[in-house]
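What Swiss-Prot says about this protein:
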{"type": "BINDING", "residues": "Cys46, Cys49, Cys53, Cys81", "note": "[4Fe-4S] cluster binding site"}
{"type": "BINDING", "residues": "Lys83, Gln150, Asn175, Cys179, 212-219, 243-247, 262-264, Met372, Gln376, Asn482, 508-509, Lys531, Asp558, 718-727, Asn802, Lys819", "note": "Mo-bis(molybdopterin guanine dinucleotide) binding site"}
{"type": "BINDING", "residues": "Phe794", "note": "substrate binding site"}
{"type": "DOMAIN", "residues": "39-95", "note": "domain '4Fe-4S Mo/W bis-MGD-type'"}
{"type": "SIGNAL", "residues": "1-31", "note": "signal peptide"}
Amino acid sequence: MKLSRRDFMKANAAVAAAAAAGMTIPTVAKAVGETTNAIKWDKAPCRFCGTGCGVLVGTQNGRIVASQGDPDSPVNRGLNCIKGYFLPKIMYGKDRLTQPLLRMKDGQYDKEGDFTPISWEKAFDIMELKFKNALKEKGPTAVGMFGSGQWTVWEGYAALKLLKGGFRSNNLDPNARHCMASSVVGFMRTFGMDEPMGCYDDIEEADAFVLWGSNMAEMHPVLWSRMTSRRLTNAHVRIAVLSTYEHRSFELADNPIVFTPQTDLVIMNYIANYIIQNNAVDKDFLAQHVNFRRGATDIGYGLRPTHPLEKAAKNPGSDASEPMSFEDFKTFVAEYTLEKTAKMSGVPEDQLESLAQLYADPKVKLVSYWTMGFNQHTRGVWANNMCYNLHLLTGKISTPGSGPFSLTGQPSACGTAREVGTFSHRLPADMVVTNEKHRQIAETTWQLPAGTIPEKVGLHAVAQDRALKDGTLNAYWVMCNNNMQAGPNINEERMPGWRDPRNFIVVSDPYPTISALSADLILPTSMWVEKEGAYGNAERRTQFWRQQVPSPGEAKSDLWQIVEFAKRFNVEEVWPAELVNQKPEYRGKNLYEVLFANDVVSKYPLSEIPDDQLNDEARDFGFYIQKGLFEEYASFGRGHAHDLAPFDVYHQVRGLRWPVVDGKETLWRYREGFDPFVPKGEEVRFYGKPDGKAVIFALPYEPAAESPDQEYDLWLSTGRVLEHWHTGSMTRRVPELHRAFPEAVLFIHPLDAKARGLHRGDKVKVISRRGEVISLVETRGRNRPPRGLVYMPFFDAAQLVNNLTLDATDPLSKETDFKKCAVKLERVVA
């Protein structure tokens, strides 16, 4: 048998991956598919973070038996992180759910009953009853859905159609509200369009990298490996890392900066001031491409209106701004001097100045990266805007090696939550429900009566919790997330609503998570390559995969669940007479027929799917539903700088970065020569704005919603670790990953521990104004907080750190600040 170099690489990687996962591959021939019982290989994007690494999935006898990094993927070039290497094992936890479970007592549904196996028909029977009762008694605002940045593109699109077009409810929001909403609003305010203008190719072009609240070494390790290579093979390259505590990314930092929580706002205004004072402004760029505006201040903290902080705010939730001049902006940032910034932030002056010099030096190509440290912030939108300010002042934007780049944490937070528009205020391709023209476009595309989509923004994630608690949201479907563990302020604002007898909660999940066990009905869900899918990663790259194995037992995909459930509702049951009268041909039809089996979605026959190719959903519905939904969805953005390639193209390539025009992807947006939507001769055009100009915002420092005081004397920051992803519902079922980091710990400065009589390994009670949790003291290891701050990951279901966190949000993005609340510690005596 003769092997090519590529086949040899694939074979070696397959053997290594299989061995690491505790499996065996008898011969190299199995990896390259040359024996009768060969492993079959196919491509897919990784199931975890928003990097979008490509993997090759090895299947045999209906199971995944191996995976490896895809050497043909331009994202990861054959490399995986530790989670990626164990992808097969996330599918086969011993407690995988395989049939619907309903709380029952004496053969009937009972809110306090035990989970009992039922059929899909009976599951949909009780769902139908509860959703119809809510719609009949209170109307569309009484039903809602909490979705996911892990949904495939067509799962999110189907949910959007069912909720906003079918049930006429804008109460659809994704868990990306907790991670990317501030980035979305920041992009929209500054540029008028969402998502980064650059791409991962910037890493190999840049001279400097600045990480703002981003531990790329653990959260985006494959991108970090590319950045590490750039830094270590080019002596002039510099890396600055800013965080409220030291972490693994600090190990490569030339300028490691630990700042006082919330003072990143101060630091960015100082850098803007430094750029201006040192004549480093690109004046020609500003004159041609930038406007200046002063933003509203004292905007509150997204708490309930009765909260003292909301009552005290002068402009709660205000997104208002007014024009100003460059000279006005210069005056505004002038107060953020080096001395003042050092005092407020706790950062030495020389480090601040060194950081500012990177931005100011016209010879230095620079990329700013950020993740949750910016976004999970009560002024997260401002933080995003202020970072854009620095790139716009210097013209370091939309060009190879320079630009601001928001990294995403979920595999399709961009492709599904943002681009499809599964937020409570959005529609596809940056359209919004508050815009009449946008609603008309959606209604026309979906062949719905005019006026079907409500104009009022629906309930965002935290507002959904509050509405459940208040009894105004009564039928609620949670899909592809574990929000009971991941969301803030569990005790006060989430659990009461879920267990309220007025409400019926459905959770679709592969595993019995905290959320599933808190629900009334659990629906078993297909995972990853048990269905055909598409994700969109952080660099605007859309990637497809085919179904490669069947789902276990009676598990069904989220797409199947949404579309099948739509059959239970006739249009007369969900639309008022005036809407039905506009479309008399819809009388007697159900939402499945109107939304999913219409002449656009259903026109692609099963004959387009090879006979030997798995596609359970398509064969159940009788047409190529994924293709139909994608092509209908893609029509929203084509010709409007959100262009996607034809469906079939994506199955042949390792993803394409939109806009895709005439078969060519776009690496850098808004720059002539790279972006087909920039007219010839304009050089740069931020075409999301009517005048083609981006906006620099004057925004001040404002304090956090909650800070340490005499009683609650420590900052608490929460986050993740390398080995686990989000709430650990997948990674904790991988024995190797679980053993590597079996339980959450409380990272604390040794002197803070000593002052409280605590030692490494001690049990400690962490207490906030909202709840408490018992953890273990860790004074060493990868995370090294400064005095006055503790850090705790949220993957451990036995240590619900979100019992402690405050449900304060950015008033503009409605994204929760998981990085700043006040706690105190008590030693637990055995």
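We count from 1, first residue shown onward.
Glycine is no exception: its Cβ is also placed from the backbone N, Cα and C atoms.
The model shown is predicted, which means the values in this text are computed figures rather than measured ones.
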DSSP helix/strand/coil residue counts for the domain '4Fe-4S Mo/W bis-MGD-type' (39-95): 8 helix, 20 strand, 29 coil
Candidates Cys46, Cys49, Cys53, Cys81, Phe794, namely the binding-site residues, that fall within 10 Å of Val721 (Mo-bis(molybdopterin guanine dinucleotide) binding site) by Cα distance: Phe794
Shell of the [4Fe-4S] cluster site beyond Cys46, Cys49, Cys53, Cys81, same chain only (C-beta within 8 angstroms of their C-beta centre): Phe48, Thr51, Gly52, Asn76, Asn80, Lys83, Gly84, Pro221, Val222
Neighbour tally for Val721 (Mo-bis(molybdopterin guanine dinucleotide) binding site), based on other Cβ positions within 10 Å of its Cβ: 23
Shortest C-alpha distance to the residue listed as 'substrate binding site' - which of the binding-site residues Cys46, Cys49, Met372, Lys531: Met372
Lys531 (Mo-bis(molybdopterin guanine dinucleotide) binding site) and Cys49 ([4Fe-4S] cluster binding site), distance between Cα atoms, whole Å: 19
For the domain '4Fe-4S Mo/W bis-MGD-type' (39-95), mean pLDDT (0 to 100): 96
Densest Cβ neighbourhood among Lys83, Lys531, His726 (binding-site residues), 10 Å radius: Lys531
Alpha-carbon spacing, Lys531 (Mo-bis(molybdopterin guanine dinucleotide) binding site) to Cys53 ([4Fe-4S] cluster binding site), which is rounded to whole Å: 18
For Met372 (Mo-bis(molybdopterin guanine dinucleotide) binding site), the number of other Cβ atoms found within 10 Å of its own Cβ: 26
Other CB atoms within 10 A, centred on Gly213 (Mo-bis(molybdopterin guanine dinucleotide) binding site): 24
Between Glu218 (Mo-bis(molybdopterin guanine dinucleotide) binding site) and Cys81 ([4Fe-4S] cluster binding site), the C-alpha gap once rounded to whole angstrom: 9
Cα proximity to Cys81 ([4Fe-4S] cluster binding site), best match among binding-site residues Gly213, Glu246, Met372, His726: His726
Candidate with the highest Cβ count within 10 Å, taken from the binding-site residues Cys49, Cys81: Cys49
Distance from Glu246 (Mo-bis(molybdopterin guanine dinucleotide) binding site) back to Cys46 ([4Fe-4S] cluster binding site), taken between C-alpha atoms, in Å: 28
